[in-house]
Amino acid sequence: MDTRRLLLCLCLWVACVVSKPTEKKDRVHHDPQLSEKVHDDAQNFDYDHDAFLGAEEAKTFDQLTPEESKERLGMIVSKIDLDNDGYVTEGELTAWIKKAQKKYVYDNVERQWQEFDLNQDGLVSWDEYRNVTYGTYLDDPDPDNSFNYKQMMVRDERRFKMADQDGDLIATKEEFTAFLHPEEFDYMKDIVVLETMEDIDKNGDGLIDLEEYIGDMYNHDGDANEPEWVKTEREQFVEFRDKNHDGKMDKEETKDWILPSDYDHAEAESRHLVYESDQNKDSKLTREEIVDKYDLFVGSQATDFGEALVRHDEF
């Protein structure tokens with residue numbers, strides 16, 4: 001069963017189940033770290049390798065010779081240079097790093113792609129997605145669940161149209177990725193905020209008041225006294241979430257809550273890589289400048305000799 005249909009079943013099931021009294025729901029989407037390794041170029045470039053390639057792909061480069069590593073890096077450069085002008089800018093490098101860090105997202109989409117691309121044309125239309133996800137309901141509607149399914153289908157169609165940037169109701173793989181994982185794409189952030197507000201706003205006024213905010217993350221049922229974290233969340237709402245202190249969170253206040261503008265690790269790493277590699281200091285990188293600093297970007301057996309010895313000993 002694919003992720004979206006499983007989610008539909010879970011949504012219907014959850015509606016019938018009482019939550020644990022002290023269970024806390026976290027709706028905040030944080031910008032993840034680029035690597036679990038320490039960023040200390042004086043010791044090694046492991047952090048940079050993980051950031052540029054993703055942790056799993058970085059391991060494969062550690063097993064290549066320097067010549068093989070440079071050759072593969074050269075091929076990667078052409079993918080980073082989106083406008084094909086022969087230069088890699090900080091912006092292009094930031095976009096690449098963010099994409100590398102989202103590999104798990106793209107892998108998830110890849111696993112589902114064939115199931116939705118029914119006519120095998122390399123695209124997924126709204127009709128294809130709707131038929132796969134809601135086909136059973138459309139063929140034989142269940143009156144008891146019809147409202148839930150209809151509501152979710154309308155919501156999915158709205159999100160699909162938002163992800164579909166050219167408006168043809170046919171999604172490329174990138175657009176379909178934005179549809180399934182909207183929190184990962186800047187242009188989809190408004191729909192993430194809207195859906196969150198719809199989930200929490202019980203009185204339908206388009207805003208989130210204190211009780212709705214608390215009610216989304218905490219179920220009072222059977223609890224005589226509120227846990228300490230609930231009291232803290234009440235204080236957070238009054239002092240920080242509700243910025244204009246009108247007793248409710250609007251769209252912008254909700255966005256600041258669930259999509260905080262934390263430190264952008266990808267931008268910082270991009271600036272670092274350009275600074276270290278930009279030989280003529282024109283604030284952009286040529287293919288040659290990047291390949292010359294291959295040990296900073298991707299590594300090889302030579303730059304990861306200690307780990308290579310460990311792997312050899314294991315065999």
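Cβ atoms are placed via backbone N, Cα and C, with glycine included.
With Asp201, Asn203, Asp205 listed by Swiss-Prot as binding Ca(2+) 4, the candidate from Glu195, Glu211, Glu212 annotated for that site turns out to be Glu212. Annotated Ca(2+) 3-binding residues in Swiss-Prot are Asp164, Asp166, Asp168, and among Glu174, Glu175 the one listed with them is Glu175. Feature motif 'Prevents secretion from ER', per Swiss-Prot, maps to range 312-315 of the set 84-87, 264-267, 312-315. Outside the domain 'EF-hand 5' (229-264) by six or more residues, the chain places 24, 27-31, 94, 183, 189, 192-194, 196-197, 205, 207-210, 213-214, 217-218 with a CB less than 8 A from a CB of the stretch. When the recorded positions Tyr87, Asn119, Glu128, Asn131 are compared by Cα distance to Asn280 (Ca(2+) 6 binding site), the shortest distance belongs to Tyr87.
Neighbours of Asp282 (Ca(2+) 6 binding site), defined as other CB atoms within 10 A of its CB across all chains, total 11. Straight-line distance linking the Cα atoms of Glu92 (Ca(2+) 1 binding site) and Asp282 (Ca(2+) 6 binding site), rounded to a whole number, equals 15 Å.
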